[in-house]
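Below is a structure I'd like to ask you about.
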Number of protein chains: 2
Amino acid sequence: MSKRQLSLGAFFMLPGQHAGAWHDPSTKRENLWNPGYLAELARTAEKGKFDLIFVADGVSAGYTSRAFEYGARVTQFEPLTMFSYLAAVTEKIGFVATASTTYNEPFNLARQFASLDHLSKGRAGWNVVTSTGEEAARNFGKRDQDWPHHLRYERAHEFLDIVKKLWDSWEDDAILYDQEKGVFLDKRKVHRVNYEGRHLSVGGPLNIGRPPQGYPVIVQAGSSEAGRELAARTAEVVFTAWQTLEEAQAFYRDVKGRLAKYGRSPDELKIMPGVFPIIGRTEEEARAKKKYLEELVPLQVGVERLSFQLGVDLSRYDVDGPLPQLPPLEEINGNKSRFELIRNMAEREHLTIRQLIGRVITGRGHWEILGTPEQIADQLQEWFENGAADVFNVMPPVFPESLNEFVELVIPILQERGIFRKEYEGSTLREHLGLERPVNQFARQTVAQN
Amino acid sequence: MSKRQLSLGAFFMLPGQHAGAWHDPSTKRENLWNPGYLAELARTAEKGKFDLIFVADGVSAGYTSRAFEYGARVTQFEPLTMFSYLAAVTEKIGFVATASTTYNEPFNLARQFASLDHLSKGRAGWNVVTSTGEEAARNFGKRDQDWPHHLRYERAHEFLDIVKKLWDSWEDDAILYDQEKGVFLDKRKVHRVNYEGRHLSVGGPLNIGRPPQGYPVIVQAGSSEAGRELAARTAEVVFTAWQTLEEAQAFYRDVKGRLAKYGRSPDELKIMPGVFPIIGRTEEEARAKKKYLEELVPLQVGVERLSFQLGVDLSRYDVDGPLPQLPPLEEINGNKSRFELIRNMAEREHLTIRQLIGRVITGRGHWEILGTPEQIADQLQEWFENGAADVFNVMPPVFPESLNEFVELVIPILQERGIFRKEYEGSTLREHLGLERPVNQFARQTVAQN
């Protein structure tokens with residue numbers, strides 16, 4: 001029997017995951033919105049046989065952040081258009097686009113993801129997020145009224161239910177295209193959705209046929225209690241952030257343990273921690289690279305980023321002292337799990353604000369691994385083989401170099417060890433990840449009634 | 001001085017503009033959502049030096065139409081994802097995507113169009129439509145409450161103002177990318193929008209840099225009184241439908257005459273009638289082709305289509321008799337100008353319902369021209385040179401044949417006559433159409449204040 005296989009995501013945050021990336025002379029201003037450069041990066045990831053490219057997203061420019069001028073959040077292509085473009089220049093690699101359930105219409109989003117899945121012949125995935133923050137709210141007519149955490153998740157549940165119904169609204173064999181009889185479709189196989197929720201109501205059917213994958217792969221990124229429950233009920237991949245093997249294992253067990261009550265088996269949900277690799281030919285070279293990148297980032301940017309993640313203005317405190325008293329978890333309306341992760345890391349390791357900034361500007365809270373290609377591979381393998389990860393979302397510090405290094409130096413080692421593919425075997429993202437194509441809920445009902 | 005140049009759009013309604021198109025054995029079921037086939041068609045249009053590809057769109061499947069099963073409205077790719085895909089496989093041709101101001105959020109749509117404009121290096125255009133119909137309303141939580149005509153247009157005005165402000169929210173030189181000083185951008189050149197309208201409120205700025213074209217080209221498709229006014233105030237191309245030279249000339253004069261009150265010159269708005277060409281090696285062959293296509297369409301489909309366009313259920317009337325009494329124009333909430341066009345055609349030519357159906361299922365109300373390639377070119381040239389058109393939106397009856405014929409047989413004649421380009425001279429859609437790149441409204445204010 002063949003070994004259990006690792007999956008890999010390439011996390012595209014341009015010009016790099018490290019907050020210092022854009023300061024590095026190897027990155028160029030003209031590559032900010034350069035589709036040719038983007039295509040080159042995607043082909044590199046495909047050459048490395050990555051399962052997927054992943055993009056994070058938000059619906060505000062970060063103008064109200066004090067670090068705005070310092071490139072705290074760099075503008076980027078909109079994910080659905082970007083991946084539709086990349087569908088034309090790649091053949092196998094999957095595409096996970098982040099999109100918000102808070103500030104989209106389910107009909108529009110279901111349709112665009114279905115369209116991307118058709119354009120890419122079954123390579124689309126959706127990272128489902130809820131959006132937070134007053135700047136985002138104001139971009140959608142909400143004035144300064146941010147959504148409370150529980151209502152965002154309630155809406156997200158409804159949103160997902162509707163979108164899946166819309167994807168199912170055309171059964172796979174609904175279109176007859178019978179030129180002889182002049183009948184285009186079998187109306188019994190096209191379904192209204194008629195969903196009436198507390199937040200959302202949609203009639204349907206969708207105006208595009210069922211996606212090649214049935215549904216694009218559903219990814220979920222929240223690791224709070226509400227996020228875990230949404231994931232257990234609806235997600236196929238969970239994107240998460242952990243600093244230690246023990247924490248990652250606990251999360252892995254917890255989320256997989258929630259599946260049974262929804263009638264799902266543990267294999268139906270893949271756990272995908274983010275990982276931030278700093279690769280050197282020697283460990284020393286890797287350490288020097290880390291130090292170099294850290295020094296590129298103005299202290300002010302680090303203070304602002306940490307303040308944002310903790311929901312506390314740290315600009316009034318001594319950076320060489322400890323964190324001030326933090327608010328209780330219940331009062332955090334943003335990313336609750338990221339807040340907990342950073343708080344726990346500070347307490348566990350007795351870090352000063354400056355030291356904590358060093359952690360946050362690198363992997364932005366994700367697992368940082370450093371060393372030679374062998375050491376990187378060892379650490380990934382350890383988590384993979386000890387119940388902490390099924391997939392890693394690999395976050396190159398600076399593009400394109402860090403991606404190139406990972407593809408050229410680390411992937412061959414994982415391949416030699418027999419835990420990562422040498423060639424794509426399937427052609428859809430579901431096939432890469434080992435996920436089943438979902439049965440159409442309306443077709444299932446028809447069968448059940450017979 | 002060089003001759004005034006014609007512009008051409010390729011209207012992509014797959015498998016063809018003719019209602020009978022999908023019944024023809026040359027069209028294939030497997031091409032319904034086949035990106036490779038789509039790419040091939042786009043390359044053909046580019047080979048023909050078309051200015052742009054145009055796609056119509058709607059936000060419902062047409063399920064409630066009695067002609068649904070007969071392929072009255074065929075599902076298609078979503079336009080923004082489709083054109084992002086095509087941006088990667090073409091180099092020069094422009095892309096006009098239809099999108100609704102009624103059922104989108106301005107922040108999301110501004111961003112996706114900006115992204116498409118970056119991905120295509122300045123080849124995007126937006127056909128601005130308002131959406132009507134109960135089925136569409138129900139897909140966006142409105143239950144059965146359709147929007148009244150004047151409110152749809154009021155929202156459209158606000159929507160366009162906001163979207164332009166969002167595109168301008170980053171001045172062209174806002175991003176410094178100063179790696180030495182660690183300053184990413186010049187905050188004085190990034191602007192909040194802070195728009196508070198009756199229907200829409202948006203804070204801004206957008207989270208993507210200004211589109212290469214400043215704004216994607218603004219196309220507008222309504223020809224009602226409200227539509228003409230919206231066009232005169234905001235559009236750069238008006239897509240319209242006329243049956244006779246005189247009507248088209250009157251429309252051309254009327255709309256161009258409205259520009260002055262908005263401080264615009266007649267050249268800033270191009271008039272683009274739709275044209276439905278049936279090409280034969282002889283006129284007789286063209287007539288036979290028209291007849292063949294008409295006979296492919298079930299009568300029921302024709303009755304339903306005409307009923308929809310007139311807002312009257314015609315299934316109870318004798319198809320060989322005249323139209324029944326029609327409702328007054330004020331009661332039409334859908335496409336008012338299309339209603340008038342069909343009503344006038346029926347009155348002018350004393351057509352029976354069946355004869356009228358013959359007109360409607362072919363060009364769907366657009367100008368039908370029939371004959372040899374020379375005759376087709378003659379008719380286009382007549383409208384172009386007599387104040388009726390600047391651009392034609394060419395609607396091939398059946399893909400790919402009718403597009404191929406137009407490219408191979410008609411375009412060379414227009415080129416020989418010196419009224420159509422032999423090679424692209426510019427690289428953006430604005431350059432193809434001879435439209436200026438808009439000045440940034442915030443930069444203009446800054447200059448004015450100095």
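Every residue gets a Cβ built from N, Cα and C, even glycine.
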If TrEMBL gives B:Asp57, B:His149, B:Tyr153, B:Ser223, B:Ser224 as binding FMN, which of B:Thr98, B:Thr101, B:Thr102 does it give for that site as well?
B:Thr98
So if I measure Cβ to Cβ from B:Tyr153 (FMN binding site) and keep only same-chain residues at least 6 apart in sequence, which ones fall under 8 Å?
B:Thr130, B:Ala226, B:Gly227, B:Leu230
Looking only at the domain 'Luciferase-like' (B:26-388), what is the mean pLDDT?
92
Counting across all protein chains present, how many other Cβ atoms fall within 10 Å of the Cβ of B:Asp57 (FMN binding site)?
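For B:Asp57 (FMN binding site), the count of other Cβ atoms within 10 Å is 18.
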Among the binding-site residues B:Thr98, B:Ser223, B:Ser224, point out the residue whose Cβ has the most other Cβ atoms within 10 Å, with all shown protein chains included in the count.
B:Ser223
